[in-house]
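Quick look at what TrEMBL annotates:
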- 82-266: domain 'Mucolipin extracytosolic' (DOMAIN)
- 368-504: domain 'Polycystin cation channel PKD1/PKD2' (DOMAIN)
- 287-311: transmembrane segment (TRANSMEM)
- 332-353: transmembrane segment (TRANSMEM)
- 365-388: transmembrane segment (TRANSMEM)
- 408-430: transmembrane segment (TRANSMEM)
- 476-497: transmembrane segment (TRANSMEM)
Amino acid sequence: MEFLVRYNEASDSIRTTISPNNVPEEEEEEEMLRNDLKYYFMSPCEKYRARRQIPWKLGVQILKIIMITTQLVIFGLNNQIVVSYKEENAMAFKRLFLKGYGGVDEDDYSIAWYTQQDVHDGLFYLLDQYGNLRNLSVGPVSYAQEDSESLPIVICKELYKKGSKPFEEYYNIEVQTETVCITMNPISLQDDKWKRDNGSFFAVDFYRFINMKITFQLKGVNLHTIRAHELPDCYTFFVTIYLDNQGHSGLIKVYFEMNTVSSACKNWKISGTAQRNTHYVLIFDSFVILICLTSAVLCTRSMILAIKLLQRFSRFFRVNYKRKICKADQKEFLNGWYVMVIISDVLAIIGSILKMEIQSKNLTSYAVCSIFLGTSTLLAWVGVIRYLGYFQTYNVLILTMQAAFPKVLRFCCCAGMIYLGYTFCGWIVLGPYHEKFEGLSRVAECLFSLVNGDDMFPTFAQFHEKSILVWLFSRVYLYSFISLFIYMVLSLFIALITDSYETIKNYQKNGFPMTDLQKFLREQRDFTCSEGSRQVESNYWALCCCRRLPNDDDILLIC
C-alpha cells in the first residue's frame, strides 16, 4: 500500500516559523497528536478506562465468534446427514447392480471382470436388478420420471470400427472407432424378452471392444432430516457404470460413479415443527449476516482512521523534524488483524447466503458452502490472538511468528527446490515399483510423511528385489532424503524459529529498541540514528533506522 503525502512550502498552513508566539500552538498540536496516538494503541480495556468508551468492536467480535461457530456446528451436523446418506446409497447401488462386488473398492475401480462369461453375466445381472429395483431395494428409491414416464437406461459401447479376430501374431484392426447405443425402458426389463431382442448388441467382439457406458437415473428421499426438524430432501441419483477395456490386458475394470442433486420435495405433507424450525434457522443466519456486516464496517472504519492518523504523524515529522518515518512505524498503523477480520466477515456472509439457499432447497453446493463457513470460522478464531497479544505472556507467540516468518519463508523456498527434485526423481524411477510413488501428488505426500517420521519401515520393505539396480537406487534415494531433510533441513528450520524466540525473550527482558514512534509517545526528542540501531534492524523486523529527509518539499511514504 502506498500513501503519497505532498506538502508545498508555499501553501502549507501547518508549517510555521520558529518564534515565541508560535510555540504554544505547536505544543498544543503535538500534545493532541500524542494523545490520539496513545489512544489508538491502547487495548479495549485501557480505552474504556481512559474515556469510558464501550469497546464495540470487541463486543461485536465476541458475539460474531459465538454465532458463526454455532452456525458452523448446525450446518456440520446437517451436512453429516447428507454425506452419510449419499455414501450409504452409493454402497447400496454397488451391491444391487455389480455382480460379485465384495464391499471394498480396488485402487481406483469397484470390481474387475476377467472372462467373457463374467462380462455377459454381469451385464444381464445389472439389467435384471434394475428392472426389478422396486421389489429389491429396502430404501425409498424409484425410477426418475419425466412427464409421468420413467426415464430409460442408456447403454453405449465403443469399438474399433473394423477388425478380424487375432490369429497367432496376425492382427487386422482399424484405428477409427464407432459408438453404438441402445435405450431400454425399466418396464421392458421386467421379462426376458429384452435379451432376445437385443442379443446382437450384447454379442461383443472383445478384440474390438474398448469400453461400455451404462447410465440411468434414480430418485430417493432422505427421511432422516425429519428427525433433525427439517423438511425431507429429495435426491436425483445420476448413476454411471463404466466398463474399461482400453488396455486389452485381459482385465476389464468396472467403475461406478454417482452424482447426486438434491431438490425440494413436492406434494409432501409433514406434520410437526419441521417447517417452523427451518424458519428459525433462516432467521438465525440472517442475524449472522447482520453481525458480520457490522464487524466489517467497524474494522473498515478503524483502518480509515488509522490511515488518517498515519498521515497526521507523517506530516508532523515532516514539518517539525524534517524526517521521514521509518517503515516499522508505518506498519504499526496498518493493522493486518483488521484485514483478516474483514476477509473472515466477507467469507461468513457468502457462506451464510449459500447456507440459506441450501436450507431453502434452492442450491446443493454443500462443499462450497463448507469451505466458506469453515475458512471464516478459522480466521475468526485466529483473530482472537490479537486480543491475547495485549498480554506480555501470550504476546511471545505473535512476536516470534512475526519475526521468524520472513526467514522461514525464504528457507522453505530453498528447501522446496530440493524437495521438488526428489519428488520428480522418485516418481519417474520408483513409480513402476511402488504404489506410493505412482503419481506426483502421492510421491509428495509420501516424502512429507517420511520427513515427519511416519511409515518409514513399510516404505523400505515394499520395494521387492525385482530389479537389483532399482532396489539399490531406492535405498540410496530414501536414505539420502531422510538424512538430508530430518537431520539437516528440519533441524535448521527449528533453529530459525528458536533463534527468533530467544531474540524476543531477550528483548522482553532487556527492552525493545525504540523507534521514532515510541520515542514520540514517551515525549523523547532524541531522534538520532546510531550504528547500533542499524545493526538491530537486520535482526528484528520491527526496528528500523530513520533517515533524514532531503531538502525537497515532497515525501513518498511506501508501506
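Glycine is treated like the rest: Cβ placed from N, Cα and C.
According to DSSP, the domain 'Polycystin cation channel PKD1/PKD2' (368-504) comprises 120 helix, 0 strand, 17 coil. With Cβ pairs under 8 Å as the measure, the transmembrane segment (408-430) is packed most heavily against 476-497, out of 287-311, 332-353, 365-388, 476-497. Beyond the transmembrane segment (476-497), the same-chain residues lying 6 or more positions past its ends with a Cβ under 8 Å from any Cβ of the stretch are 400, 404, 407-408, 411-412, 415, 418-419, 422, 425-426, 429-430, 447, 450-451, 453, 456, 459-460.
If you look at the transmembrane segment (287-311), the same-chain residues 6 or more away from its ends with a CB under 8 A from one of its CBs are 3, 5, 36-37, 40, 56-57, 60-61, 63-64, 67-68, 71, 330, 333-335, 338-339, 341-342, 345-346, 348-349, 352-353, 557. Taken as a whole, the domain 'Mucolipin extracytosolic' (82-266) shows an average pLDDT of 85 in this prediction.
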